[in-house]
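Per Swiss-Prot, these features apply:
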- Asp316: active site, proton acceptor (ACT_SITE)
- Lys23, Ser24, Arg28, Ser168, Gln170, Asp316, Lys343: 3-phosphoshikimate binding site (BINDING)
- Lys23, Gly95, Arg123, Gln170, Arg347, Arg389: phosphoenolpyruvate binding site (BINDING)
Amino acid sequence: MKERTIQPVNNGLNGNITIPGDKSISHRAVMFGAIAEGKTTIKGFLPGADCLSTISCFKEMGVDIVQNGDEVTVVGKGLEGLQEPKAILDVGNSGTTIRLMSGILANTPFFSCVQGDASIAKRPMKRVTNPLKQMGANIDGREEGTFTPLTIRGGDLKAIEYTSPVASAQVKSAILLAGLRAEGVTAVTEPHISRDHTERMLEAFGVKVTREGKTVKLAGGQKLTATDVQVPGDVSSAAFFLVAGAIIPNSKLVLQNVGMNPTRTGIIDVLEKMGATFTVEPINEGASEPAANITIETTSLKGIEIGGDIIPRLIDEIPVIALAATQAEGITVIKDAHELKVKETNRIDTVVAELTKLGARIEATDDGMIIYGKSALKGNTVNSYGDHRIGMMLAIAGCLAEGKTTIEDAEAVGVSYPTFFEELQRLTK
């Protein structure tokens, strides 16, 4: 268990950063390339642990994949060309891999067993296995399909019209991917619109997808045709430096090639509402996944209330938003964020516990947290508990704190941002 010591930053963070590739888009590009016909080239791929797990799983199913840094080529097998894996498919720490891949495996006529690490073993799978069972898939797991390992024997599926109790892109994507080989039209309706990378990328691979409000539909029997994918920078990774630029005194940062998919930019809306000073310069208008360069500098923030439809658009950014709120004048309330409880850690409890160790005034609620600003943070020993987003949030907090901050289990950041600590060090010089 590696630890990392963060020293206070006295002269701000300054410089340009090229944000690493979007994790959600990188996963999907590999998966869709694997079930497409032809060769897909992916540029800007995120070579983090989670996305490498996706590559490993599809290689195990006979797909020819070559990865060289942030460039990947995938020679697709088509929807019917995957081979039965000889070994257990290990997703590591990746919830995206196991949930989306389950949708693909559900319609593939062979047996597979899927598992991950200790964190994955605690994460709820029934939200995916239940609708897939309704479509006719033969899926089982611990506690009646609630937890991994999952066993899947795929086969002929029937389309369903599914109303999801949660706004989850992973649930929606698993059902849509299963629907590619189902008989009829598959429809998924959500309580709020979740991130739409799957819909956008399916369209780029030639699949017709219909969107009507909170409902997404596709007809079975459609094939994917290989295409080249340019992955923009991950806005969830950018969020740590956006907040750092806003709250660490004397900072000015230029974040290059940040993905600006409107289902993901809740962090931008929240920082604007809190009073942050930044500019957004679009760089690839018209692309299926928009991107921009963002310049942000230190400013005074004010507390706000965050809840409702915006939550699915910033669910992964809430840990670092909570940190921003500790430096804002007044009270910030985050609500409607129950999903935080079933992430890599229970992020409500983890954020509150670790920021409290640093001197923040913050309390947990059933569906979020209340943060009382403005807090002077003091260095301490804290822990990521194996959660990459907690680790990066604590590193930014350490830059602000008086005295050194030691982060235990710091290597977790490699899941989504392998070069995070090197970038942070470079920007402090």
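Going from the start of the chain as shown, residues are counted 1 onward.
Glycine is no exception: its Cβ is also placed from the backbone N, Cα and C atoms.
Mapped onto this structure are the features recorded in Swiss-Prot.
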residue: Lys23; record: 3-phosphoshikimate binding site; DSSP class: helix
residue: Arg28; record: 3-phosphoshikimate binding site; DSSP class: helix
residue: Gly95; record: phosphoenolpyruvate binding site; DSSP class: helix
residue: Arg123; record: phosphoenolpyruvate binding site; DSSP class: coil
residue: Gln170; record: 3-phosphoshikimate binding site; DSSP class: helix
residue: Asp316; record: active site, proton acceptor; DSSP class: helix
residue: Lys343; record: 3-phosphoshikimate binding site; DSSP class: coil
residue: Arg389; record: phosphoenolpyruvate binding site; DSSP class: helix
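Listed binding-site residues near Arg123 (phosphoenolpyruvate binding site): Lys343 (candidates Lys23, Arg28, Lys343; Cα-Cα distance within 10 Å). For Gln170 (3-phosphoshikimate binding site), the same-chain residues 6+ apart in sequence whose C-beta sits under 8 angstroms from its C-beta are Gly95, Thr96, Arg99, Leu100, Val128.
Here the binding-site residues are Arg347, Arg389, and the one with the most other Cβ atoms within 10 Å of its Cβ is Arg389.
Annotation: no recorded positions among Asp316, Arg347, Arg389 have CA atoms within 10 angstroms of the CA of Ser24 (3-phosphoshikimate binding site).
Note on the residue listed as 'active site, proton acceptor': other Cβ atoms within 10 Å of its Cβ, all shown chains, come to 25.
Of all the binding-site residues given, namely Lys23, Arg28, Ser168, Lys343, those whose Cα is no farther than the 10 Å limit from the Cα of Asp316 (active site, proton acceptor) are Lys343. Lys343 (3-phosphoshikimate binding site) sits 10 Å from Arg389 (phosphoenolpyruvate binding site), taking the Cα positions as reference. Taking all protein chains in view, 20 other C-beta atoms sit within 10 angstroms of the C-beta of Lys343 (3-phosphoshikimate binding site).
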